[in-house]
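I have placed the structure first, in the form of structure tokens, so that the comments after it can refer back to it.
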């Protein structure tokens, strides 16, 4: 056994950080799948593909399900799913590396590279303080969320322990932007409940904006001379603008939301927009009842996502803004890429544009594959595809009716979405080294 572990460790050391992330999440997904297959994890007989779908959705913090959380899974099964999206939300290597760093053991270089790849960390950021902030903020927000949910669930006919479990489960799910709920109808019954809307929004926004932003904000509060980093400025400004735009459009343009009375109308518009942007995946209204225009707006918000170092999925705000800034600079025939009067490094721009294009390609491929196997309108297929790839978890109601092939496509999309499309691409590709013998040729554009 020890010989096998040594060989396996040497194998991991030879892999790139991106490949290590793929193997790590795959192994955790496999363990979760096997645990959910145990008889005492489920209340009914479940198909293998549905259990795999659930475990992948959990480890990727997506929230799409072909099953019912309260009807098909026991307490043990629900607990396993919660552990999976907790691991998926803050990174599977976070706790172990933090423990190593606090027992005076040096984290290996490859472990640090993996964490940097997982959280998209700037080169200048020190690992130990960052991991400490991850652990502290996770515990603080999930405890606060549990207390808030416990207060909000006061009208439920539960005993103390059942109420506490529901509160804790939904708190972790919201902070990790997982979108798993122990209610069959999600939070539709709470569309006009300001307290529950506020609690979920607080947790989801906190988790999705990212640990770098919160560390930066904390330093700005505690140290008067500290200013927000360029990355934090882009994330915060972009998030606020997109959230306000999404809320306004939904408030005025969606008849289902317009039919609600104040303040429920504002709650609904803000919550659906927030849910798509943070990729938390909770809903207080049925997205299947929305018009085509709002469906497309939601798809756009799911596509963009939030912060690169948070718990959310999607393309990421920084990638989107860097790509738009690059396009603007090209249209102005400007060599440098600027945003907020700051130059964006050329290497970062190349990564952003590559990610933007690759994300579109995978999205199109997913829509195409589902169009072959599923008998649903194109807008619903596109919604499901972007929800899976963006690890959002919102659905127009077609998830449970997908064919086996369709479920496999969604499983692959969720897994790729959690890793990040560029991370996945780098993991499966080989490094090409130019030989200086290639001939340069002009190309008409």
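The backbone N, Cα and C atoms fix where each Cβ goes, and this holds for glycine too.
What you see is a predicted model, and the numbers here were worked out from it, not measured in a lab.
As given in TrEMBL:
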type	residues	note
TRANSMEM	21-41	transmembrane segment
TRANSMEM	79-101	transmembrane segment
TRANSMEM	130-152	transmembrane segment
TRANSMEM	164-183	transmembrane segment
TRANSMEM	195-214	transmembrane segment
TRANSMEM	234-253	transmembrane segment
TRANSMEM	287-306	transmembrane segment
TRANSMEM	313-329	transmembrane segment
TRANSMEM	349-369	transmembrane segment
TRANSMEM	404-428	transmembrane segment
Positions on the same chain near the transmembrane segment (234-253), where near means CB under 8 A and six or more residues out: 205, 209-210, 213, 228, 265-266, 268-270, 272-274, 276-277, 291, 293-294, 297, 301, 304, 306-307, 317-318, 320-321, 339-340
The transmembrane segment (195-214) vs the transmembrane segment (130-152): 3 or more CB pairs under 8 Å: yes
Range from 164-183, 287-306, 313-329, 349-369, 404-428 with the greatest count of C-beta pairs under 8 A to the transmembrane segment (21-41): 404-428
